[in-house]
Amino acid sequence: MKKYFLCMVALLSLAIVACESDDTAPAPTVRPTFDLIDAQPDVTSAVVAANIESKGEVPISEVGFSYQEAGGEYVDVVCTNFKDGLARQTLTGLKPDTEYRWYCYAVLGGERFNASLSKTFKTLKEGEVPPAPTPQFGKPSASEVQATSASLACAYLYTGDAADIAEAGFGYKPAASAQTGYTMVEITPDDSSLSARLEELTPETAYEFYAYLVIDGKNYTSERVVFTTLKEGEQPGAPQFETPSSSGVSPTGATLACVYEYEGDGDVAEAGFGYKAGAQEEYTEVKAASTASPLACELNGLEPETKYDFYAYVVVGDERYTSAVAQFTTLKAGENPEPEFGPVAATDVTASSATLTGSFTYEGEETVGIEVGFAYKPSGETDYTTKTVTASSGDKRAAITGLSAATTYTFHLYASIGGKQYRSEEGTFTTESGTVPPPENVYRTGWAELPVEVQNSDYYYAHHICPDFYVGSQKARNYTVCFSAEHHCPVWVAAPRHACYEVKGTDRTDAYSRDPDIPSGIQYSSKSTGGGCNKGHMLGSAERLVTRKTNEQVFYYSNIAPQYSSNFNNGGGAWNNLESFVDAQVCADTTYIVVGTYFEPFTDAYGKSCTSSKIDFGGRSDVSRPSMFYYLLLRTKNGNTKKSVMDCAASELKCAAFVLRHNMDKGHEPQAKDMMSVAEIERLTGFTFFANVPNAPKDTYNPSDWGL
């Protein structure tokens, strides 16, 4: 029986509790958790599977898998084999020797929930023999737990012959016991699940157990799970509570939550929480918004810097059940709560890339200037590379590239809030060994500046070699161009930058002419200008003064784009200032550049926009004036390593994109706000840049590395 004192009445008048609601409120839909199991591919099919756990009262009405071929649309397949939390489905009609990405989904209460992570697999080649199958387990579970007995179950997936299973069962032991061995219970499995009933257990004891299969003499086991037997004489249907938790603790509020399981026949009449300040004798009890698990309640009007005790309770019939007591302490007045992090993991790890995942929750009042991201570095090094993600609470993932093969990395999820940085626990992963296969559709694998050449009817490519300039015994390369037949304009020009090209052996030639390696009918027919533009070199004349013929090549029309003459390509113009900035970045090691154009409507980081239009230029009336220009750079951080960038680790390299809308104000100097990661430009343009340098850190950039 609860007793209330007058002082408590006064306290309650100050506390606003956002918990109680109409008794007819529907049970909340709780997001299920997904654990994707590695796919088992064949030539034209693959078996995919996932463990799915749902702790809410709303049942799962549909489970399925969604898959896509790289770059294609996702295809949904409803799962026809979902049992004991394990979903299994065979995907058919796949292409041989093809990579696919897939994830699992579940539908609860009409709402679809997708797994926050995805996985990949590659189908086998025609005639390739698949490896011997290995079993995969769902999460083991214990049910009908009594004082001296319990039922165990575990779903499993095995695509081989069931006759291969020589033995199956469960191992169990008291969790807190010094006993090292497990008691084994052997059973006969059915085609997809294991189950056993344990007897003669000790009351009020936590037991650890796992499922196992023996195939071809090898023992395969599931994860370990713990259950606790009831007290002697306790009714088996009594609710079982997990330890209640608090989150979003602020100076005057907190959110309480508690997961419980109830398998009895009676109805849960009431559920909620009791709480009190540590010095008080009586608890204040408040009803939860719903009696469904997990229970949740938001408290407001609390005292700052005060320790509170709290518990969860459930009322079934005339019986009242309570959880263990937990504590939280409110913050100081004006203090923001710390963010909370979930576990981090690395998936899809290759020799040069990985996907990092984690979760982040922040319920403070600070909303401006929050940065969230992943930080990673080779183990043993001190400097982290960062990759930012969205700053909202929830699951986080980031694909990182440019990693070194056979290298162990440490990483964490971080949040920078109000000038303080918080981080999750560290995770580790090791990249695969071996060399990264050479990219396809690249003209020369040894040229670090080259993008992948997209093959279509619009793009034409030319690769220019210096006619009379040698490096050693080889003629030096000058530049590579991608030229658009639709826009009659270069799309990008890729080239090496080094002082050896700029040793003055000639004057500017002004030798304007058509590129002999690009169809003449799609190029300019003269050096005339128009549309408010002058002739903008992608690769500048001053960057190729070593010989006359080398300089003549940069006056091919394929290397020239229309650039505004009033604000962009003139003394003090935004592009000229960027070119001067880039000149200062050229180092003793070779710097690799890609200079590109963009023709879709573009809005920059300053919120200002520019669009493309057709103009009279170069003797034509159908030339597209770009909406944006970009300048990509790749070089060593040190600048004088005497190493090829292709031999460097990602931590030794830096690369970035500098982006300017075409109508940028005159006088604009390069700013950190003008920068993007190379990966962002790849997503914007559809090109793959620096394809021959798998360790290029294209996913990230640091303005301070470039003096900004």
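Each Cβ is built from the backbone N, Cα and C atoms, and glycine gets one as well.
Per TrEMBL, the feature active site, proton acceptor maps to His537. The Mg(2+) binding site annotation in TrEMBL covers Asn569. Residues or ranges marked as domain 'Fibronectin type-III' in TrEMBL: 133-222, 236-319, 337-424. What TrEMBL records for 475-696 is domain 'DNA/RNA non-specific endonuclease/pyrophosphatase/phosphodiesterase'. Feature annotation from TrEMBL assigns domain 'ENPP1-3/EXOG-like endonuclease/phosphodiesterase' to 476-696. Marked as signal peptide by TrEMBL: 1-18.
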**When counting Cβ pairs under 8 Å to the domain 'Fibronectin type-III' (133-222), the leader among 236-319, 337-424, 475-696** = 236-319
**Item:** Residue distribution over DSSP helix, strand and coil in the domain 'Fibronectin type-III' (337-424)
**Value:** 0 helix, 47 strand, 41 coil
**Complete:** For the domain 'Fibronectin type-III' (133-222), the DSSP helix/strand/coil residue counts are 3 helix, 48 strand, 39 coil
**Message:** Could you give me three numbers for the domain 'Fibronectin type-III' (236-319), the DSSP helix, strand and coil residue counts?
**Reply:** 0 helix, 42 strand, 42 coil
**Item:** Overall pLDDT for the domain 'Fibronectin type-III' (337-424), taken as the rounded mean
**Value:** 85
**Secondary structure of Asn569 (Mg(2+) binding site) (DSSP, helix/strand/coil)** = coil
